[in-house]
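Copied over from Swiss-Prot:
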BINDING   47, 49, 70, 180  Zn(2+) 1 binding site
BINDING   49, 205, 206, 207, 208, 209, 210, 229, 234, 298, 299, 300, 325, 375  NAD(+) binding site
BINDING   49, 70  alcohol binding site
BINDING   100, 103, 106, 114  Zn(2+) 2 binding site
């Protein structure tokens, strides 16, 4: 390609401050260095993690200017030295948590947080040299990276350990959803909780991740799936995802866990906290059966808080854990999951509520912020 080895100037949506509208502007994108890949992003969507970072909810994670975004799909523009599994023109998914294949975590079954390329909201530069690949076009000042990916840009540079090559016949606009939210939810149901047939499930928060948990639970043969959300507009999509019972905490005269106990006659086997709320996490824990209950935390929490659980409560037979990317190893396990989805295991169309051009990204952010969107797919 003519651009190979050269700096590319392209459009990016840059965050300049907490809660400020993203600025669509020209940025410079350096060529990929050793073991890096430069990607032309074709589709990206907005996740609540992007929204949290944009709002600057956790002060320790604030870094500006910054290019957010991590759920996307695109085509390789060029590769750096040492990259052998990909080449220009390949279709790829950026993955916010990588897999080097060599560390003790990557070599261990059941673990997916690579020691070198695991997701780190504090990290704002490339792993290889501690520098950025983005610069302002006017004064050449550095622009920081986000979650290993920074997909709110027409071009981005990513470590090859965080890039998954996919079949060019796969529809990129659909499988882009599998680079974060859908995989996170379904994987939590399968890989982390390991939902068993005929079991009961409660899901707190019915955004994209929560609905993906429901899809995963239904695929595993759960007998009853309960959805909890303060926005009743989400209940219809919940039904389509397999949820049979709904609780709106604002309309209940009892605590949510008390209602769940009544519905299930003793609590669910599995609960999932997908709301990023410490109160929801507490209710999710108390909603599980005393003896076999498992709670999986998936929501992004705004600031560090202690778990709302007394240590002695864990002696009641309940357990609690958390999950990143649904426990999937992104490069070795995700390809089979993508194939399963495209063969009809999940309805990926369910998750795309809006489609907008890239320059309308601030409108997309507001739709998600107001609870009016599930996934807004941006076309670059």
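Placement of Cβ uses the backbone N, Cα and C atoms for every residue, glycine included.
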Nearest to residue 206 (NAD(+) binding site) in three-dimensional space, by Cα, is which of the binding-site residues 47, 70, 100, 106? 47
In all the protein chains shown, the tally of other Cβ atoms within 10 Å of the Cβ of residue 103 (Zn(2+) 2 binding site) is 16
Integer Å distance between the CA atoms belonging to residue 49 (Zn(2+) 1 binding site) and residue 299 (NAD(+) binding site): 9
Coarse DSSP state, helix versus strand versus coil, of residue 208 (NAD(+) binding site): helix
With residue 180 (Zn(2+) 1 binding site) as reference and a Cα-Cα limit of 10 Å, the qualifying binding-site residues from 100, 106, 114, 210, 234, 325 are 325
Need the DSSP three-state call for residue 49 (Zn(2+) 1 binding site) to compare against my parser. helix
With an 8 Å cut-off on Cβ-Cβ distance and a minimum sequence separation of at least 6, pull the same-chain contacts of residue 210 (NAD(+) binding site), or say none. 185, 203, 204, 227, 229, 272, 274, 275
